[in-house]
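Peer 1: Input: one structure, supplied below.
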Amino acid sequence: MSGGRVATETDIASAASSRRYAENAPYVHKVGMPPKQSLFQEFTFMFKETFFHDDPLRPFKDQPRSRKLQLGIQAVFPILDWGRKYKLHMLKGDLIAGLTIASLCIPQDIGYAKLANLDPQFGLYSSFVPPLIYAIMGSSRDIAIGPVAVVSLLLGSMVQKEIDPKHKPEYQRLMFTATFFAGVTQFLLGFFRLGFLIDFLSHAAIVGFMAGAAITISLQQLKGLLGVKTFTKKTDIVSVMRSVWTNVHHGGKKNKKLFWVPAIAPLISVIISTLCVFITHAEKKEASIPPSVHKIHFTGSYVAIGFRIGAIAGMIGLTEAVAIGRTFAAMKDYHLDGNKEMVALGSMNIIGSMTSCYVATGSFSRSAVNYMAGCNTAFSNIVMSLVVLLTLELITPLFKYTPNAILASIIISAVVGLFDYEAMILIWKIDKFDFVACMGAFFGVVFVSVEIGLLIAVAISFAKILLQVTRPRTAVLGKIPRTTVYRNIQQYPEATKVHETSVTIASTDDIVFSEIMKLELFFSRILRLLADEEEEQKANSLPRIQSLIVEMSPVTDIDTSGIHALEDLYKSLKKRGVQLALANPGQIVLDKLHTSDFANTVGDDKIFLTVGDAVMTLAP
């Protein structure tokens, strides 16, 4: 009787204790199963998030047909929107800004045209037609449009490899063809909303590319500064310095007493040009912009060459313009649609190629001056264009008399700012791999060629993206004291690991495997961390690890290879007597886990809302 009575009391006490634990234990939330989506719904969602993430059709919602038509026209021609709201008090800022950037762009355009191996007037053409088109179609209030040093150098170096600049008609035809295809590339990228492709050119790579281009551009001007008659067509520093060293004695003698002339060359050239116009009555010779649509190669062998050169120049121009536009848009707190900008830039270059212009884009130096001068809208570009037109009408016949030394000094002074050593130092401090991309682009431009430097920049940027995609990071998590939060123990040394029965591991990247290497890497890293933890447990005489919890919240997507990796991990752990558990998988991931039946394999009761819930259940 007593034995039976003791047994009964023990059972009663045990049951009461269990009830008290169950009543006092925190509630473990069940992970919600997302509603099943059809293939069409999944494809629609993916397509929308990839190409229409900014919901560009939102303003058209619930609008009458006439209003939708009006909004559609305004979307293509933003001038109809801001022009309708234009106030007289805004004119002062735009007028001053337009006159200011015109005074800056005129000497720069003449120099940049020389950089592209073109006559000076082509630089001014490119600061007249494209800015007018951009003012009609562009959405940035601050970008100043025109030729830029880097694109001019790129075009000049690539086109002269195909045709000698001495053969002007053929050279100009290929330049206009490249400009046409640069515009087509930009337009198509914007129209089909493929702007994300330019992100392959990282900021670090652009900094290095610009710095290398600044040195290359400056070196190219030694021909004009030193009066060298025969000069290399190559752009690398070794070839340029060899050419200078072997030909410098051919240059003319320099008058040291006139050292001050280059310093005030732009002002002197304007004064002298005005006097020459007055004396020679050059104002009677009308300067018109000649059409060039008949010069563009639409057939023949030069079409492919023009497309290749134009596509590269167009991408570089896009990267620079979009970066500039976003910078100033953020400073003035307004939204800039990158895809609309690409359509506008592409349209202006297509039209520009038909009006004797070469590739134009947003200029950082002129845009900064435009911003500082107080521009309010894109009307400042129209003002600049009109001033450039006036310049073309007055002094076009005098361009051939402009001294090369003055042009060279103007170019050098304009590109000095492209060498941003402060940005390089910051890149080194933030990300060493980014610094490698920066230096790769820099040395590629300086020691090989502009095209090779650009190729290196793209290759290193692409390699970085691949490494990030194919290298999932893993870390052991620990509990932050006095919380139920679990974080990386390397970032939070005070966090304590759950030693009793489990280890928590976090994957910080998507488990989307583009190649078998990542699958193996993910698999081996987790097993290696598990082995390290088991050795530590054994050394400290702690219980053997029974559960492995994988924190899934950083994983936004998973593919078939990723599912197979989890299945292999589950099987390997099962052989070791270790239970696999998952914490907080996202909707897309959970849906694919159920679709593949892996959720049933691991068990619904082993999928938890948080790491805390998993630890509380598996190691109470």
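Cβ atoms here come from the backbone N, Cα and C positions, even for glycine.
TrEMBL entries are annotated by machine, without manual review.
The feature domain 'STAS' is assigned by TrEMBL to 522-618. Positions annotated as transmembrane segment by TrEMBL: 132-154, 174-194, 200-219, 258-282, 302-323, 343-365, 371-392, 404-428, 440-463.
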Peer 1: For the transmembrane segment (200-219) against the transmembrane segment (302-323), do we get 3 or more Cβ-Cβ pairs below 8 Å once near-sequence pairs (under 6 apart) are dropped?
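Peer 2: When sequence-distant Cβ pairs are counted, the transmembrane segment (302-323) touches the transmembrane segment (200-219), since at least 3 lie under 8 Å.
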Peer 1: Does the transmembrane segment (174-194) come near the transmembrane segment (343-365), with 3+ Cβ pairs under 8 Å (pairs 6 or more apart)?
Peer 2: yes
Peer 1: Quick test of the contact rule: Cβ under 8 Å, at least six residues beyond the ends. What residues does that give for the transmembrane segment (132-154)?
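Peer 2: Residues packing against the transmembrane segment (132-154) from afar: 76-79, 82, 101, 105, 108-109, 112-113, 115-116, 123, 126, 209-210, 213-214, 216-217, 220, 235, 312-313, 316-317, 320-321, 324-325, 328-329, 332, 334, 336-337, 340-341, 343-345, 347-348, 351-352, 358-364, 366-367, 369-371, 375-382, 384-385, 411, 414-415, 418, 450-451, 454.
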Peer 1: With helix taken as DSSP H, G or I, strand as E or B and everything else coil, how many residues of the domain 'STAS' (522-618) land in each class?
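Peer 2: When I sort the residues of the domain 'STAS' (522-618) into the three classes, I find 60 helix, 13 strand, 24 coil.
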Peer 1: What residues in the same chain, six or more past the boundaries of the transmembrane segment (343-365), come closer than 8 Å to it by Cβ-Cβ distance?
Peer 2: 76, 104-105, 108, 113, 116, 118, 122, 125-131, 133-134, 137-140, 143-148, 151-152, 155, 175-180, 182-191, 289-293, 296, 310, 313-314, 317-318, 320-321, 324-325, 414, 417
Peer 1: Hey, which bits of the same chain come close to the transmembrane segment (371-392), Cβ under 8 Å, at least six residues off its ends?
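Peer 2: Apart from its flanks, the transmembrane segment (371-392) reaches 78-79, 82, 86, 90-103, 105-106, 109, 121, 124-125, 127-129, 131-132, 134-135, 138, 140-146, 287, 289, 328, 331.
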